[in-house]
Amino acid sequence: MRSRIEAALHVLRIATTYSRIRPAITTKKASPYWLLYEDVKMLSQIQRFGGAMFTPVLLFPFAGIVVGIAIMLRNPLFVGEALTDPNSLFAQIVHIIEEGGWTVFRNMPLIFAVGLPIGLAKQAQGRACLAVLVSFLTWNYFINAMGMTWGHFFGVDFSVDPTAGSGLTMMAGIKTLDTSIIGAIMISGIVTALHNRYFDKPLPVFLGIFQGTSFVVIIAFLVMIPCAWLTLLGWPKVQMGIESLQAFLRSAGALGVWVYTFLERILIPTGLHHFVYGPFIFGPAAVEGGIQVYWAQHMQAFSQSTESLKTLFPEGGFALHGNSKIFGSVGIALALYYTASPENRVKVAGLLIPATLTAVLVGITEPLEFTFLFISPLLFAVHAVLAASMATVMYICGVVGNMGGGLLDQFLPQNWIPMFHNHAGMMFTQIGIGLAFTALYFVVFRTLILRFNLKTPGREESEIRLYSKADYKAARGQTTAPAPDAKLGQAAGFLQALGGAGNIESINNCATRLRIALHDMAQTQSDDVFKALGAHGVVRRGNGIQVIVGLHVPQVRDQLETLMKSPLSTEQIPMTEAVS
C-alpha cells in the first residue's frame, strides 16, 4: 500500500512539474525554434518587399536609353550646330522624343507607389494598384492642405516654390513634401497591407456597393489622415538627417565606395541588396532625387564641360557597381571554362556564354553568379571583394558616372557615348582598370578552383550536367499528367516540384528569381528537379524558397498563378525521378 501511495505521489509530482513547464513547451514564443521560425519569416517578408521594389526599376533602362540618345543628339559636338538649332525640325523631333523618355524619371515616386503592389498584393494585383494610386494622391492632398493651413506648426513654408533645396516638390500637380521614393514605398506598403486584409471582406447586402476596392480605399482614406500629419511632423527632421548622410558620404570618399559596392554584391544571395543600392540610385542617400535622376538631368551639362566628372559629380562613385558585371563577369566565365575538364568545355560554354552576355549587356548577373554560388560561397565572397576593389580603384583614378547596369542600358547610352568628346580619358582609364581586373578575376578564380578542387561546372559530372530541351522533355514525360498548355510547361513543372498549389502560401519575384513562401518545405523536390526544369539554382531558408529562373521570371510567375487557379493544380504529380 505504501509503495502504491509513493508511486502515486511520484506521478503527481511529474504531472505538476509538466504543468509548470508546459507553457514553455507549447507556447511558440518560448521556443527557440519558434524564434528561429519568426526570424526566417521576417527575413522572407523583407526579401519579398525588396523583390517587389524591382518591378518599377525595370522601367528605367529603356527610359535611360531614350534620354541618353536624345541628349547626345542635342549636343552640337556630335551632330553640329545646325541640327541643334531650336528652330530646326530635327531638334524639335528630338525634344518631343526626349520628353517622353523623362516620364519615369519625373514621376518616380508615383511609379514606385503604383508598381509595388504588383509584387506585394496576394490577390487582385491590378485592383491593389488602383487603390494605392488613389490613396497615394489622397495622402499628398492631405499633406498639401495641412501644410498650407498649419505650416507654421510643422515648421514648413508651403508658400515657397517647390525648387531644389526647398524640401517641396510637385506630385501629379500637387505641391507636397519631397519624400522621394521613401514616402511612396511607405504609403504603398500600408495600402497594400490594407488590400490584403480587407479586399475580400464580405459586407452586408445594403453596403455591397462598397465591397472590394472601394472598401479598401475608404479605410485607406481614414488612415492617410494621420499618415499625412505624421509625415509633416517627422519628414523635415528626416530631410536634415539625409543632408547629414550626404555630407558624410561625400567625405568618406574611397572607403565609402568600397563598403557600398561590397554590400551591394555580398547581399545578392539574400535578396537584401535592393535595400543597399535603392536609396542611392533611386533615393536621396547620396544626392537629392537619386543618382539615376540627377545624372540624367545633368548629363548634357556634364558632357559639355571640360572639368573632370569626379569634380562635377563625386557622388557618382556610388554607381560604379556595374563594372563588376561587365569586366568581372568575363573573368569569372573564363576561369570557369578553363578549369572545366576538356571533354566538358563545350557544354560549359553553352551555359556560360548566355549567362555572361546577360551580365555584360543588361547587367543581370544572377544566372552567372548562381552557377558557382552554391558550389562555393568562398568564390562569391571573393567576387564581392574584387568588385568593391575595382570600383574603389576606378573612383580613386577619377572614374564616376551612372554605371550600375550593363553596356546596353547604361554604359553606352548614358556614359560612354555622350561623355566621349570631353571625357574620353576617363573612359580609357576605366576600360584599362576594368581589363586589368578581368585578368585578376581570372587568375584568382582559377587559382582557388584548382587549389581547393572546387566542383564548379565541368569538373564533376553530377554537378555540370547542363540540362537541354531533351532533358526537360524527358523530365516532363515522366509526370502522370501533361501540362495544360505547352507554354506553361516550365511553370507546371515548377508547381509540381514545389509540392502543388496547396503547398504555396505566397509567390513573388524580382529580376530573375521566384520568391515563394511554402507551407511545408518537405513536400518540395530536390534541387536537381528544378535544374532539370531550367532553373539556374535554388535557395532554401525555412519555409521560403527562391528559384533562379532568369529574365523571363515575370512570365513564369504569371503562368504559375494561372495554374494555381486551375482545378488540376491541386493534384500532386510525382517528379522525383525527373533527374535520376
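Cβ coordinates come from backbone N, Cα and C, glycine included.
Nobody curates TrEMBL annotations by hand; they come from automatic prediction.
Annotation comment: TrEMBL describes Cys510 as active site, phosphocysteine intermediate. Around the Cβ of Cys510 (active site, phosphocysteine intermediate), 25 further Cβ atoms fall within 10 Å across all displayed protein chains.
Among the features that TrEMBL reports, domain 'PTS EIIC type-1' is placed at 40-461.
Sequence annotations record features per position, and here TrEMBL assigns domain 'PTS EIIB type-1' to 488-570.
Residues or ranges marked as transmembrane segment by TrEMBL: 51-73 (among others).
Positions annotated as transmembrane segment by TrEMBL: 104-121 (among others).
Annotation comment: TrEMBL describes 128-150 (among others) as transmembrane segment. Non-local neighbours of the transmembrane segment (128-150) in the same chain are 110, 113-118, 120-121, 156, 158, 171-172, 174-177, 183-184, 187-188, 191-192, 194-196, 199, 213, 216-217, 220-221, 223-225, 227-229, 231-232; each lies 6+ residues outside the stretch with a CB under 8 Å from one of its CB atoms.
Feature annotation from TrEMBL assigns transmembrane segment to 170-194 (among others).
Annotation source TrEMBL lists transmembrane segment at 206-232 (among others). Remote same-chain residues near the transmembrane segment (206-232) are listed as 124, 127-128, 130-131, 134-135, 138-139, 142-143, 146-147, 150, 154, 156, 177, 179, 183, 187, 190-191, 194-195, 198-200 (criterion: CB distance under 8 Å, separation of at least six residues from the stretch ends).
Non-local neighbours of the transmembrane segment (244-263) in the same chain are 273, 276, 280, 284-287, 314-315, 317-318, 320-321, 324, 384-385, 387-389, 391-392, 395-396; each lies 6+ residues outside the stretch with a CB under 8 Å from one of its CB atoms. Among the features that TrEMBL reports, transmembrane segment is placed at 244-263 (among others).
Positions annotated as transmembrane segment by TrEMBL: 275-296 (among others). Within the chain, the transmembrane segment (275-296) has long-range Cβ neighbours (under 8 A, six or more residues past its boundaries) at 46, 50, 53, 57, 60, 64, 67-68, 102, 105, 108, 112, 164-165, 178, 180-182, 242, 245-246, 249, 260, 263-264, 267, 302, 313, 315-316, 318-319, 321, 401-402, 404, 414.
Remote same-chain partners of the transmembrane segment (316-339), defined as residues 6 or more beyond its termini with a Cβ less than 8 Å from a stretch Cβ, comprise 249, 253-254, 256-257, 260-261, 264-265, 277, 280-281, 285-286, 291, 295, 309-310, 345, 348-349, 352-353, 355-356, 359-360, 363, 365, 368, 371-372, 383, 386-387, 390-391, 394-395, 399-407, 410-411, 430, 434-435, 437-442, 444-446, 449-450, 456-459. As annotated by TrEMBL, transmembrane segment applies to 316-339 (among others).
TrEMBL lists 346-364 (among others) with the feature transmembrane segment.
The transmembrane segment annotation in TrEMBL covers 424-445 (among others). Under 8 Å from some Cβ of the transmembrane segment (424-445) lie the Cβ atoms of residues 308-309, 323, 326-328, 330-332, 334-336, 338-339, 379, 382-383, 386, 389-390, 393-394, 397-399, 415-416, all in the same chain and six or more residues away from its ends.
Among the recorded stretches 104-121, 170-194, 346-364, the one sharing the largest number of Cβ pairs closer than 8 Å with the transmembrane segment (51-73) is 104-121. Counted with DSSP, the domain 'PTS EIIB type-1' (488-570) comes out as 38 helix, 22 strand, 23 coil.
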